[in-house]
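Report on the following structure.
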């Protein structure tokens, strides 16, 4: 049965208005990033001309290139680390029989109930003791193990037919070969979902890098934004917004490309 | 010897399991379980500057917190913040998801728009909203002046600051809630609708009788996650208000952060962290107890 024309128009109208509202702040920031000081004070919405002066300024005020590179290294490492650690654990939970499996699985799940912020004080001390302040390992390693990720992959691994496992054993495939050459390729969609999720959340992480970076060596873009905002406030909003746009472009692109995948994968992990 | 060989062969899965689980187990032990117990331990102590336990004080840290107006204020602000943000975020996200679930031309574009805030970090969002809330050149006060309304000192007015932060937070969380809810909607079996259409049921009847009941597991999940997230709010507070004005936005995680890393009071900070942990535990357990009764699984 088809929708009537009237209700179609009505729905398009609602879609347009509400999505414009949602996207407005980003568009606004984008416009501001091309404006000069006086234009911003006049309260315009469209810049008089498109020039990239604010963008060149923001790169000269801050080691933004460094920060971007740091964020990229940190996010990619956490992504790969999570994929490796979580898929190994999920494999053990699905394909290996051992004593205490349910108990260990319960322990994993219980970590989801511990808010990360409740443990951050001793974690900072641990990082200090390891002398990992201002290091990539300090920024990344604590996040490699992820109960949600293990759970998500486990759900996918459970759908792999048992016959495949048996056949691989008969064919004399080692455990690791089965894991590497059968389980992982079959679960590509879940791995992509988890990877995108891990990259996105790490790129956007704020509190942890704030706590354990004290200089510019491994500082991430999010902390760069805080710096920029507190340095430039009230003076050059155009430069600040240029910084914002540079920081959000990589994740927005990733989201636009992987939106379908994320939405499917995350809701599956949520439900089963 | 043969018995040993037998045992060795039988436990081969177990030994492999140890290898596969070892990375997770080590990381969880070092960065989740140990610090959780350590936090509980520290909450019973006065600490020195480096965070070592110095004097055992029993429940004194907790007593001090419960009696301090500062902490009471922080708890109140946190509670209000959760109340302001969670229901509105979910209702808006649900509304958008229902719209974006219609099969229309170009719907992919709208889905991307709605989910966009998920790709924008808390720090970047906060900076954008900081500008929009700016009392002299921000958009909100300009709009108010267009309509001749009195100006509002959004983030500087203790009456308004928490509401302002809540508004920006609702926006930040919309994208994620939307994506989850849309995913839930798309998992609903089409056939359910087809039979009801033949019966001539209207849109809202179908919404109430089919869509919402079938969506309830997803709704339940997103409510739990949103509640927990709201209690963990930090970034927007640090950038927008720093807990002010007159501590009206001093939410619990910000309060822990300040107590620990600015005032170096690790004992009372740990006690607050324990309270945060207990709150989240209660929320999760309550959710599951209530959810079990309400949720309709397929």
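For all residues, glycine too, the Cβ spot is worked out from N, Cα and C.
TrEMBL does not curate its annotations; it predicts them automatically.
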Range annotated as transmembrane segment in TrEMBL, from A:44-62, A:139-157: A:139-157
When you get a sec, could you say which of A:216-236, A:237-257 is annotated transmembrane segment by TrEMBL? A:237-257
Candidate ranges A:12-35, A:72-96, A:103-127, A:178-200 - greatest C-beta contact count to the transmembrane segment (A:237-257) (under 8 angstroms): A:12-35
If we skip the immediate neighbours and take only residues 6+ beyond the ends of the transmembrane segment (A:178-200), which ones have a Cβ under 8 Å from one of its Cβ atoms? 75-76, 78-79, 82-83, 86-88, 91, 95, 146, 149, 152-153, 155-157, 160, 164-165, 168-169, 251, 254-255, 258, 261-262, 264-266, 268-269
Would you confirm whether the transmembrane segment (A:139-157) and the transmembrane segment (A:72-96) meet the contact rule of 3 or more C-beta pairs below 8 angstroms, pairs 6 or more apart in sequence? yes
